[in-house]
Amino acid sequence: MMPATRQTTGRPEEQPLSGQKGTPPAGEISILIDTTRRTLTVLANGEPYRQYPVAVGKHETPTPLGNYRVKRKAMHWGTGFGSRWLGLDVPWGLYGIHGTNKPWAIGSYASHGCIRMHNRDVEEIYPWIPVGAPVIIIGNPFTYREPPYRDLRRDFCGSDVMEVQRTLARLGLFKGKIDGTWREDMEESVYTLRARHGLSRDNVIDRPAYQALGL
């Protein structure tokens, strides 16, 4: 279990897990982001090295869950992105780890899907994280929203679409690419699922379809 993020003066602060502040970690570097706890942990050879509070996506614009890699690094990338940018290879949309001009929002669900850090924190990890570094984002794709399940249709994208694709594939109904985007090759899979469970012939994943999938 990950150590809790330390609380001081009513605000979440970084939790040094090993080493001294500013000391570069040694070994293979990766990042673990927990959207439920709103933390980012730098891992060195798979072991926690330092943990930071972050802001993640709002209910209507959740942070994408999954395994990604850093594909681009930039300094002072644009207004609202703080002092550093670490872009991720999410197959839909533009997402990354970056600083912020709204430090009071750190520790909350506040972004359009990106992971926000205090500028001082993203500046600290920036030189540690190479392009190609693994980034693992965990959480539950169905607890971000209110209500938690949204109806999914053609051209929708997101972590919830990816979970539906994975489940359809496990059931032998989907042979396409599991990438979180509902394309034409997913249509027949949904029709077949709904027919098997006596649901109306619609190309939608709604509450009855979620139940049929066991989600």
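Numbering starts at 1 and runs along the chain as displayed.
Placed from the backbone N, Cα and C atoms, the Cβ positions cover glycine too.
Caution: TrEMBL annotation is automatic and unverified by curators.
Going by TrEMBL, these are the annotated features:
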- 1-27: region 'Disordered' (REGION)
- 1-10: compositional bias 'Polar residues' (COMPBIAS)
- 29-138: domain 'L,D-TPase catalytic' (DOMAIN)
- His98: active site, proton donor/acceptor (ACT_SITE)
- Cys114: active site, nucleophile (ACT_SITE)
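Take the CB of His98 (active site, proton donor/acceptor) and look out to 10 A: across all protein chains shown you find 23 other CB atoms. You'll find the Cα of Cys114 (active site, nucleophile) roughly 8 Å from the Cα of the residue listed as 'active site, proton donor/acceptor'. Other Cβ atoms within 10 Å of the Cβ of Cys114 (active site, nucleophile), summed over all protein chains shown, number 27. Taken together, the residues in the domain 'L,D-TPase catalytic' (29-138) have a mean pLDDT of 93 on the 0 to 100 scale.
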